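Report on the following structure.
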Amino acid sequence: MASDAAVKALIEGLYGVALVTQVSAAALWAYDYFLTLGMEIELVWTTKWNIIKVLFLVQRYLPLIDTCILTLYRDLMPQTERNCSRLETTTGFMYVTGYAIAEILLSLRVWAVWNRSKALAFLLPIAFIVIWSPAFIFMYYFTLSLKFSPAPPYPGARGCFIIFAKDYVKWCWTSLIIWNTLTLSLMLIPGVRLYQSRLKSSLTMVVYRDGTFYFVYLFVLSLLNIILSVVLTVSFATANPRCFALHICYLSPTKNLFLVRTYSFTYL
């Protein structure tokens, strides 16, 4: 009996930590949204509609659906195994799609600092497809590997409880880190040349500094996710969907500010 009570207490504690984490992530996204809303209205909403503006707004508001609405609905409401599978599949692909769109927009900054090179305009889309296609494939197989508890682990428990998952998500992070390595290298090459020349200005140095900082920041966090997924194996595998949500939201203050600046720098 004592052992059963201890297990129940442990599960309740872990569930509480996961729930608080999800609510915190949603709150952080909301905080960041209102923090950068003024810049968005000034620099994005007032411009003409084009594909870049659509992509920006999609990635901007996608976390509202996958991280705030669907994730909290999954964790706060009673769920069946079928619903859990659908929710995890939907949110998983939305996470990867959001990342991919954000990286497309950030890559436009790289293209811009290369003076909109025709060679990069041809090579970057090809490289993007080659590097990012595996991320969607591995996310598909990851969601297929998920196994859910057929019944709540204790009376009154709500949400989805993953009892098995393969560690395919680490390969999604690998796609991200490979792409960031490529874009960081492409940012550094002209940046070093500019620094060594006498033609640098405060504006161009800010462009290169912000771009380099963000790509290094994202590279380090992605590498950390890969290391954790390898070291913590089973326990981390079941937590990976939540780690995706957290990663997106924790990057949100830097990402959204940087994307707004990228949009204005590239198209205004």
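Quick reminder: no glycine exception, Cβ is built from N, Cα and C everywhere.
TrEMBL labels come from automatic prediction, so no person has curated them.
Residues annotated as transmembrane segment in TrEMBL: 12-31, 93-114, 120-142, 171-192, 212-237. Annotation comment: TrEMBL describes 21-65 as domain 'DUF6533'.
Under 8 Å from some Cβ of the transmembrane segment (171-192) lie the Cβ atoms of residues 96, 99, 103, 106-107, 109-110, 113-114, 120, 127-128, 131-132, 134-135, 138-139, 142, 208, 211-212, 215-216, 218-219, 222-223, 225-226, 229, all in the same chain and six or more residues away from its ends. Within the model, the domain 'DUF6533' (21-65) carries an average pLDDT of 84. With a cut-off of 8 Å between Cβ atoms, the residues of this chain six or more beyond the transmembrane segment (120-142) that come close are 92-93, 95-96, 99-100, 103-104, 107, 110-111, 114, 165-166, 168-169, 171-172, 174-176, 178-179, 182, 186, 240.
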